[in-house]
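Asker: Below is the structure I would like to discuss, written out as structure tokens.
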Amino acid sequence: MTTIEPMPVVVPERRKPSLADGLRNGLPKLVLAPSFAIILVFVYGFILWTVYLSFTTSKMMPIYKWGGFDAYYRLWSQPNWYVAMQNLAIFGILYIGICIAIGLFIAILMDQRIRAEGVLRPIFLYPMALSFVVTGTAWKWFLNPGLGLENTMHNLGWESFKFDWLVNPKMAIYTVVIAGVWQASGFVMAMFLAGLRGIDGEIIKAAQIDGASTVSIYRRIIIPLLRPVFLSAFIVLAHMAIKSYDLVIALTGGGPGNATELPSTFMYSYTFTRNQMNVGSASAVMMLMGITAIIVPYLYSELREKNQ
Amino acid sequence: MSAAHETVSPGSARAARYVIYAALIFLALVYLLPLYVMLSTSLKSLDEIRGGDMLALPGDPSIAAWVKAWGEACIGVSCVGIKGYFWNSIKMVVPAVVISTLLGALNGYVLTKWRFPGHKLVFGMMLFACFIPFQAVLIPMARLLGAAGLSNSTAGLVFVHVVYGLGFTTLFFRNYYEAFPDELVKAAMIDGAGFFKIFWRILLPSSGPIIVVTVIYQFTNIWNDFLFGVSFSSGEASPMTVALNNLVSSSTGVKEYNVDMAAAVFAALPTLFVYIVAGRYFVRGLMAGAVKG
């Protein structure tokens, strides 16, 4: 500051370019380059590699022999893949729907000037800090048909209580929903709570003066104002649902039979244990397309909004 | 507020508050139940587990199952407990978090304070990389690690976690530095400070909160990872989550629920500890990863 007059502050970088300036201009790009190269190669390059593998005849090892759409044809004629897609639909819809419903409900309760908020909030959120494997292990034990919840209910005197979802092929996918909701709903609650705290109190006061009841204030004013939070929660949860792998593996192992197969477990078993690497790659490409369809429009709109 | 008081009698308002508190306490108990069951089961003997009630407090609390899980439980063919895998995870997490955070900070700095044509595209591509399903890169990465002699090694897992964590760390620092006043950087440039000096002297000293957020986010994610661990390592080299799953899902011998639960507690402890100590930052990281500041 001492050597330069305060005058030429306007556009200081427009001076005669010297070697030092050249280096100064290049250095930032040089610093960013390795990271960007890593992303280019290990994300985008690897995605192309996987796409290519899905068009080959690879079995146990990658074989770079063109197989056309054979792998996709085989994927979509695989009953197992339909089970996986159907389970993803059941899991995804219930997981997203229930997480949002419970998250919003708890957030509204917490927003009623609750005294113990500082104690309650961490209780709803701590499952999010746990690994899916820990969550799966805990719920596997909790829902154990012999010694878990069922036994507890019998001990409490409810002798006819039956809860065998974990080993019942028709119901097993719902146990994944229960454990998933337990883990993520607190996080959705925190998102809604942040949204509720951001709403202008004046609007609500005005509605109260007009004689609106609390229920109609929430229904007509507050919940519509939370639209962006609904969208964010949906995106985050949909993304987590498509990727979920660990939870199913730890809770049910994909079973009983293939009752809780998801695209993620399908991809893993076809690639690494069933030696149909091209079909596994094709399923990975389908997963990528699913996520892209959800994420890209969202990122695009978010980045554009910020420019304004 | 006055209107509300006119229409609602004080008695029913108080009743409503009781209902709200009752609902919240009930829900809190439901959320705590699995953790409680996990802890109490780990402190019981097998006989007590088989004969008693899951919800009952341990009659004769003992840490025998913890000791066994840590040092004696059988995972696969080796019966030396989970301690080795726990250390594997530590050895994997620490370098991966440090490297990815450092790179993320530099990237965020370049992308906000040294913008160049196309910076938005570069950021967009790094951002999308956060969200890809890792299944789409699993096979090539397995091939690469194999070819490089890094499969089944902690170094390989560190590399993988740095690569796929870069997007998030860059995102965190970019959004944070975006709000950092450009004037300070400009002034330092006029003073002749260079690229690294500005970063070191001006941005880094005020980056405390975002460093904490990023470190916690990365620590939690990498510690909790299962997919990479199970795909790129096996046996002795596995991280904690993989070992836990192997322990719990093994079907040989007597099922020792108390040891399983003790191992699960060990796997949960580091992230729970971080959450309890720095929960505020943990939540902020989750939000930043979701709603993007």
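Each Cβ is built from the backbone N, Cα and C atoms, and glycine gets one as well.
The model shown is predicted, which means the values in this text are computed figures rather than measured ones.
OK, TrEMBL features for this one:
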- B:18-39: transmembrane segment (TRANSMEM)
- B:86-278: domain 'ABC transmembrane type-1' (DOMAIN)
- B:92-110: transmembrane segment (TRANSMEM)
- B:122-142: transmembrane segment (TRANSMEM)
- B:154-177: transmembrane segment (TRANSMEM)
- B:198-219: transmembrane segment (TRANSMEM)
- B:261-283: transmembrane segment (TRANSMEM)
Asker: Would you mind listing the long-range same-chain contacts of the transmembrane segment (B:261-283), meaning Cβ under 8 Å and 6+ residues beyond its ends?
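Answerer: Non-local partners: 38-39, 41-42, 65-66, 68-70, 73, 82, 86, 89, 209, 212-213, 216-217, 219-220, 223-224, 240-241, 243-244, 247-248.
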Asker: List, by number or range, the same-chain residues at least 6 past the transmembrane segment (B:92-110) whose CB is under 8 A from its CB atoms?
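Answerer: Distant Cβ neighbours of the transmembrane segment (B:92-110) are 126, 154, 157-158, 161-162, 165-166, 168-177, 199, 203-204, 207, 211, 214-215, 218-219, 222-223, 239.
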Asker: Restricting to the same chain and to residues at least six past its boundaries, which positions have a Cβ under 8 Å from a Cβ of the transmembrane segment (B:198-219)?
Answerer: 93, 96-97, 100-101, 104-106, 109, 113, 161, 165, 168-169, 172-173, 176-177, 180, 184-185, 188-189, 270-271, 274, 278, 281-282, 284-286, 288-289
